[in-house]
Amino acid sequence: MADQLTEEQIAEFKEAFSLFDKDGDGTITTKELGTVMRSLGQNPTEAELQDMINEVDADGNGTIDFPEFLTMMARKMKETDSEEEIREAFRVFDKDGNGFISAAELRHVMTNLGEKLTDEEVDEMIREADIDGDGQVNYEEFVTMMTCK
């Protein structure tokens, strides 16, 4: 995972890691993580901080070392890529660019993809994704639909 990072990214992350690693011992503790999160305006609980550490703490020692930090950052960057992909997909469906996917736009794209859907099926797809009930799908609803697997 971390081997897909450029040298520039690794250098950037090393700098960020140093900001977290207040005492310079090469590891980030929950206390150090909390300090940085609070300086960024977040207010995580002790349990949340522990969860964040546990998620990337590969060797189970309760702290994050630099390789574990790199893995975490690489993972986060991967998530950002998929957000960009979702945005692109939304643009494909939103033919007129008004920020909403209508039943007609959905039908058009699905037909181009070789999916012959009845009006009922198209309406059903819109209904499933249409959280606010306005009869069309906005970007937030589209993201929710795409990420709720």
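Including glycine, each Cβ sits where the backbone N, Cα and C put it.
Here the structure is a predicted model, which means the values were calculated and not measured.
Among Glu88, Glu105, the residue that Swiss-Prot places alongside Asp94, Asp96, Asn98 at the Ca(2+) 3 binding site is Glu105.
Summed and averaged per residue, pLDDT over the domain 'EF-hand 2' (44-79) gives 87.
Take the mean position of the Cβ atoms of Asp21, Asp23, Asp25, Thr27, Glu32, the recorded Ca(2+) 1 site; other residues of that chain with a Cβ within 8 Å of it are Phe20, Lys22, Gly24, Gly26, Ile28, Thr29, Thr63. Listed in chain order, the residues near the Ca(2+) 3 site other than Asp94, Asp96, Asn98, Glu105 are Phe93, Lys95, Gly97, Gly99, Phe100, Ile101, Ser102, each with its Cβ within 8 Å of the site Cβ centroid.
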